[in-house]
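Q: Let me give you the structure first, and then I'll get to my questions.
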Amino acid sequence: MSDNTKTNSRNKSVKRTKKVKKKKKFGFFKKLFTILFCLFILLSVAASGVIFAIVKTSPNLDINGTILNLDQPSQLYDDNNNPMDTVVTNQRRYVVSIKDMPKNLSNAFVSIEDERFYKHSGIDTKRILGAFYNDIKSKIHKQNSIQGASTITQQLIKNRMFLNDSLENRISFKRKIQEAYLSIKLEQSLSKSQILEAYMNTIFLGVQANGVEAASRQYFNKSAKDLNLIECAFIAGLAQSPSAYYPFSQNVAKNPNIYLDRTKLVLYKMRQNNYIDFSTYQNAINDLNNNKLAFSQQKISNKYTYEWFSIPVVNQVKQDLKSQYHYTDEEIDSLLRDGGLKIYTTMNTSMESNVQNILDNNSTLKSYSYADKNGIIQPEAAATLFDYHTGEIKAIVGGRGQQPPSSYNRADSSNYLRSVGSSIKPLTVYAPAIDTKLATEDTIVNDSPLSSDVAEKYGSNGVPYNPHNDDGGYSGPVNLKTALTKSINLVAIKLEDKLGLSTGAAYAQKFGLTLNNDDKSSIAALSLGEIRGSNTTTMAAAYGVFGNNGLYSEPRLYRKVVDKTGKVLLENNYSTRKVISPQSAYIMYDLLKGPVSAGGTGSYARFGDMPVAGKTGTASDSKNLWFCGLTPYYSAAVWVGNDQPTKLSLGSNDVAEIWGEIMKMANVNLTVKDIDAPGGVTKIGDSYYIDGTSPSNLSGDDSSSSTASKPQTPTTNTQNNTNNNVANPNSNNTTNSNTSNSTETPAQNTQQPTPTPTPSTNNTPGNTNTNTNTNNNTNTNTNTNNNNTNNSSSGNNNPPNNNTTNTNK
C-alpha cells in the first residue's frame, strides 16, 4: 500500500472519530439541556404552586372597611354637638378629599414615588423585578439594602393591610407577592384618584403626622390646600424616610441640605414628568436657594383643650365599653385612638370656659395667690356645675391657671379627695333626721357640751370626745333651722348620735358619697365632715337631690357614643334613684336657704333675685373650704385649698362668693322662679312640716314623753342615747305640761334652759318644758387633739380621732 493510500486511510479514520465525538458531545448537551429544561419546568411549576398558595392565603381585600375607611382619633362633641376635643394619641390624621389638595402635591408624590402610576395596573413590572432581584442579593449577602420600588398602590396596600408585618420583617417575599396580587385587585375596584387620595391620607410623614393634612399642619402650621410648590415638594420628599429629612432634628437643622437636596430632587422629577415647566422649576429652585422654605413648627401637645372634662369622659367611655362589650384594654385604646368614634358629651362649652375664668380671676383668690415650687398657682380651686334635672354635668374645672397635661383633676378625681367639713351635715344629719321623722325644722336641740356618757361613747383611748363650735361658745336651745344657718357643730353631733351612725352612713351612701369603714364608725366624720374625702362632682350631684324631689340623678358625662359607621355603641340615658321623700327634699331646700340668708355662713352666695340654697364647709383646721348648693335650675360645688394642705387665710364665705359668681353665670337669662312645694307638706308660720308631723308631737328632750311614732330609718341599727340632749319622741322619763317636749334640758346642769314658747296659731313648737334634770351635762374635758384632721390628698387615710376639738362651719 502506498504512503498516500495510508495517509488517506488515516485521515478518514480521524474524521470518523471526530464525527463520533461530535455526536457524543452533542448528545451530552442535548441531555443536559433536556434535564435543565425539565428542571426549569419543574421549578416553574413549583414556583407557580408556591405563588398560587401564597396568593390563595392572602387576606381579604376589604375596600370599604380597610382601604377607604381611614383611622382617625375619636372626636368629642359638646352639648350642642359642636366639636370640642380630639382624643389625645401619638398620631395625627385629618382626612381630606383629593379635591382639597393642591395639584402640585399629588403630582409631587407621583413623580418621586411612582412616576408610571397612571400607566400600570397596580404593579410596575420593571421596578418590581428590579426590587425582587435586589432583595435576593440582600438576603444572600446578609445585607439590609432595600430597594424601594413599590408602586403607590402597593404602598397603600402595605400601609393598610401589612403595616405591622412590614415593620417587623422588612424583607418578606410572601408579603410582596400578596401585596402585588392585592394591588392588582384594588386597581380593578378603585379609580386612580381614589387610590391616590387614600394613599395621601395614610402615608406616614414624620413624628405624629399621618397623611398630608397632618404633615402640613405639623411642618407649616397650615392646611394642605394652602401649600405652595416647594412646600408640596418637601412633604412628598419625606415619604422615603421621614426621620432622615425631619427639619427640626438637631442633625438636620445643622445641615439643611439634607432635606433641601431631597426637595430639589422632587422638583426635578416633576419637571422631568412634565408636571411643571422649566420656568416654574427654576423659580422653585431659586426659592429654595433663597431660604424661602419657611417652617412653622406646630407645638406637639398631648393635652386636651378641655382637659378637666375630656379626660373623665374618655375614662368613663373606656369603662362602659369594657363593661358592655368585654373589650380588652388594648382593644379599647385602639378603638379610641383609631376608631373615629364620636363621643357626644354633656359639657356646655360656654359654662366650662366661664367657670375656669371665674376660678382663675376671682379677686379674693388672686389676692392670696402664689406659685408653689412646681410653678402651680396656690391656693387651688375646683368646681362642678350639675343639671340635676337631667343628670348632665355641664362643667368640670379641676384647677386654676396653667396646668401641665394630666394634672390632678381636683374636681373629679378619686385620687384627690378632701374632707368636706360642715357641707356634709345636710346629707348625713339634717336630711336623715327630717326623712325619718326624727325631727322637724323647729325641733329644739340644746347647743351645749356633750353629756359625759355621750362624750365617753365616742372617746378614744380613754379620752372623752370633746367637740367645740367654731366660735368656742354655745347658744343653748335652738331649733334646726337656726342650727343649720349658723352651722352649729354640737347640734349636728347630737342629732347624729340620735340617728345612729349606721343610719347617717346609709344616707351618705345614698347621696353618692364614698365612705370607708373608719368614716362609717366616726361621729366626727358623719356629723362634721371629717371623712376621708370627696370632690366637687360628688357633692354637686348630692345637693341636686334637694331640688329634684328627693331623687338622685346619676351624673352623666356623655349622652352617647357612635362609631364611624353611625352605629350607636353606648347610650347613656338619664337615670335616678330615690334618696329621700319629695317632702323631705323640699324641707331641706327650705332649711338650706338659712345659711345663705343675712347672718348665715354663706350669705355671699346670693345673687340677684334667683332663689339659692346651700351650705358652707370648713374642714381640717381651715385647710379645705367648701360651698355646695343649688338653684331651681342647677346644683354646684366649689372647693378651695392648697395642694399641700396648709391653713388658708380665706373663709368659707369667700368660697360662697365664688359659688355665687358661677351660679350667676349659669342662671343668666333664666326665668326667676322657686321650687314648688310637693303635696304632703304643710307650712306653719315660716316653717314647713311633713303632713302628720307638727311641733307638738315631734319636739321634746331626752327625758320627755311623746306620742310621736318611732323614727323610720333606712337601716335597722339606730342608736338612742338618753343623754344626747336632742328631742327624743320615744323617751318617757320627764314631767311636762304637754305630751311632747320641744325644749331640751342639759343633763346635770344647774342652768335652766330657756323654754320653748307656746305656739300661737301653730307657728312655733308648742311645748314648754319644766324638766329640771340635774344630770351634769357640762363636760370639762378640754382635749384639743387634732388627730381627727384628715388630709387625704397627702396620703393620710388614718381614721378620724373622735376626741378632736372640731371647729367646722
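Yeah, the Cβs are placed from backbone N, Cα and C, and that goes for glycine too.
Not my notes, these are from Swiss-Prot:
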type     : residues : note
ACT_SITE : E113     : active site, proton donor
ACT_SITE : S422     : active site, acyl-ester intermediate
REGION   : 74-251   : region 'Transglycosylase'
REGION   : 381-664  : region 'Transpeptidase'
REGION   : 694-809  : region 'Disordered'
TOPO_DOM : 1-34     : topological domain 'Cytoplasmic'
TOPO_DOM : 56-809   : topological domain 'Extracellular'
TRANSMEM : 35-55    : transmembrane segment
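Describe the structural surroundings of these features, if you would.
A: Cβ contacts within 10 Å of E113 (active site, proton donor), excluding its own Cβ and spanning all protein chains shown: 21.
For the recorded site, S422 (active site, acyl-ester intermediate), the DSSP three-state label reads helix.
When averaged over the region 'Transglycosylase' (74-251), pLDDT in the model lands at 86.
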Q: For E113 (active site, proton donor), what is the secondary structure by DSSP, using just helix, strand and coil?
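A: Note: E113 (active site, proton donor) is helical by DSSP.
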Q: What count of other C-beta atoms do you get within 10 angstroms of the C-beta of S422 (active site, acyl-ester intermediate), across all chains shown?
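A: Other Cβ atoms found within 10 Å: 30.
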Q: Distance between E113 (active site, proton donor) and S422 (active site, acyl-ester intermediate) at the Cα atoms, whole Å?
A: 70
